[in-house]
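K.L.:
Annotations for this protein, taken from TrEMBL, read as follows:
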DOMAIN    68-103  domain 'EF-hand'
DOMAIN    105-140  domain 'EF-hand'
DOMAIN    149-184  domain 'EF-hand'
Amino acid sequence: MGCIISKNSERTPGYEEPNVLAAATPFTASEVKALYVLFKKLSSSIIADGLIHKQEEFQLALFRNRNRRNLFADRIFDLFDMKRNGVIEFGEFVRSLGVFHPNAPTEDKIAFAFRLYDLRHTGYIEREELKEMVLALLHESDLVLSEDVVETIVDKAFREADTKDDGRIDPEEWKDLVLKNPSLIRNMTLPYLKDITVAFPSFLGSSECEDSEL
């Protein structure tokens, strides 16, 4: 026999209809349904309340970095938490994840990355924040460079980006820098999002059953 789902099954807080989210993101309605199943699994890993809490470390599953330190784990969570209430709801999850889809507009990726690296929430990227970004990119590439070499890279990148010579990088300068150096937003694209069911088979094995809730 197949699964039996009660017609009164409760949807998670912040639930949005698949067609609404599909219209606002690169995902199709069926992919949004699959993401709902994934979301329910992730949001119940520690606290089963239909919300993703920071300690549930959802980025470990999404960004495939279980065996490495994610320098921006907290920032990723904060940016997904659009309502700034300390948890991630389903609608926030899908809308934010959509930025990482291969078909998402480059301008959306550039804007998201700017907010990601604006660690102090000043509306600008300062030199130390740029250094953190460079270190993160090196870490993702498993490259280990001396402090002197890192400083040289940071200085060169900062001089190139800070075209207004005011000691900080604004969104316009950041966009120009990224368009010249696309590798700076390489980590803003997750290729496997083009086929979610293949990417997360262990999570979505029961999606046929759970989809009946949608």
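One-based numbering along the chain as shown.
Backbone N, Cα and C define each Cβ position, glycine as well.
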K.L.:
Just give the helix, strand and coil counts over the domain 'EF-hand' (68-103), going by DSSP.
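P.N.:
Per-class counts: 17 helix, 2 strand, 17 coil.
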K.L.:
Just to confirm my parser: what is the rounded mean pLDDT across the domain 'EF-hand' (149-184)?
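P.N.:
Taking every residue in the domain 'EF-hand' (149-184) and averaging pLDDT yields 94.
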